[in-house]
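What Swiss-Prot records for Cys13, Cys16, Cys35, Cys38 is Zn(2+) binding site, and it gives sequence analysis as the kind of evidence. Marked as ATP binding site by Swiss-Prot: Pro122, Thr123, Gly124, Cys125, Gly126, Lys127, Thr128, Tyr129. The feature domain 'ClpX-type ZB' is assigned by Swiss-Prot to 1-54.
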Amino acid sequence: MARIGDGGDLLKCSFCGKSQKQVKKLIAGPGVYICDECIDLCNEIIEEELADADEVKLDELPKPAEIREFLENYVIGQDTAKRTLAVAVYNHYKRIQAGEKSRDSRTEPVELTKSNILMLGPTGCGKTYLAQTLAKMLNVPFAIADATALTEAGYVGEDVENILLKLIQAADYDVKRAETGIIYIDEVDKIARKSENPSITRDVSGEGVQQALLKILEGTQASVPPQGGRKHPHQEFIQIDTTNVLFIVAGAFAGLEKIVSDRVGKRGLGFGAEVRSKAEIDTQDHFAEVMPEDLIKFGLIPEFIGRLPVVASVTNLDKESLVKILSEPKNALVKQYTRLFEMDGVELEFTGDALDAIADQAIHRGTGARGLRAIMEEVLLPVMYDIPSRDDVAKVVVTKETVQDNVLPTIVPRKPSRPERRDKSA
């Protein structure tokens, strides 16, 4: 606290005029004093201005068609999932803005509840990438969590609050901004309970985690340890309201298709029922017909399913889609590796047959789009090792044989530069 001057006069705040006896603190500057009350007032004004600047106006919120169009630039296929996500995300942020307007006008209109999203589908089909691209477009904090690392409170492993800590960190510890972010929880199928019937023994990494996630999915005031985990019991907790946090929960749900198939197959019993061949049933998109009862049978608890009302399914990518993924999106792998070779002054070319062969290998390995980069790395490794040490290479051509038979890519040598002619008249 500032002290009494040499003349015995009390020091005063240069802004509000209060003496040092009327305030808790008086901070001195070069010929200026400011009290704690004026500092608090300044902070409030700054926070209000920042909040107004960060708030997305309703007319600026991209429409579902615009969201889908943006996703088309980065994600190939999965049209149904794109439409579902576009509508769900648009409605979510429209709901947030409606809540802010009702608070400002002090009216009590119809309360809009949150609709979290459940994404189903095989690995490597774009579930995570769709969520990442959405967050990028909306410019909101985005965090990815792995459900397999979570355990119920009191057991070895991560608490569910650690998911919220990742979101707060993604927002640079701006809690207000984090409260309108997106959290993507992957591998949620791995926390399904081990049997349909409730177990006598405690399932701390399955049903226990589902129970722990219920509150934050629905919306609650959560206490988050800023240093994470349970190793710092005396740390101050960060308070965050999850009411406006959008949760996208995803998993491969291997085996769910059989549960759906068994249920759908029962329709084919009795006179007049439609009878389908085994091949027709196998090729059917089972994930598109998933019902809550199927997810319960798989191992998700009814309360958990009830907090995920929007279901978006992704399908296996066919060969044509994989070839497009390699070359068409803005961040396509072919464009990425072409840029890497350009940095060494070398042109890179893939023949159409080579791209087909890469897609075939990804399908054979069962890794979907996620496996494309691994195949590209294997194919290009020998030339990526040699090219930086050579200055005689103009172009590298990757062919079908390069991919299928491990033949080295075709190397086109650089034409030697002609020596300059001397002018005889000189």
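From the backbone N, Cα and C atoms, a Cβ is placed for every residue, glycine too.
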Fewest other C-beta atoms within 10 angstroms, as judged across Cys16, Cys35, Cys38, Cys125, which are the binding-site residues: Cys16
C-beta crowding around Thr123 (ATP binding site), within 10 angstroms: 18
Under 8 Å by Cβ from Thr128 (ATP binding site), same chain, sequence gap 6 or more: Ile144, Tyr184, Asp186, Ala250
Zn(2+) site, defined by Cys13, Cys16, Cys35, Cys38: further same-chain residues with Cβ within 8 Å of the Cβ centre: Ser14, Phe15, Gly17, Lys18, Val23, Leu26, Tyr33, Ile34, Asp36, Glu37, Ile39
Assigned element (helix, strand, coil) containing Thr128 (ATP binding site), judged by DSSP: helix
Between Gly126 (ATP binding site) and Cys35 (Zn(2+) binding site): CA-CA distance (Å): 55
Cys35 (Zn(2+) binding site) - helix vs strand vs coil (DSSP): strand
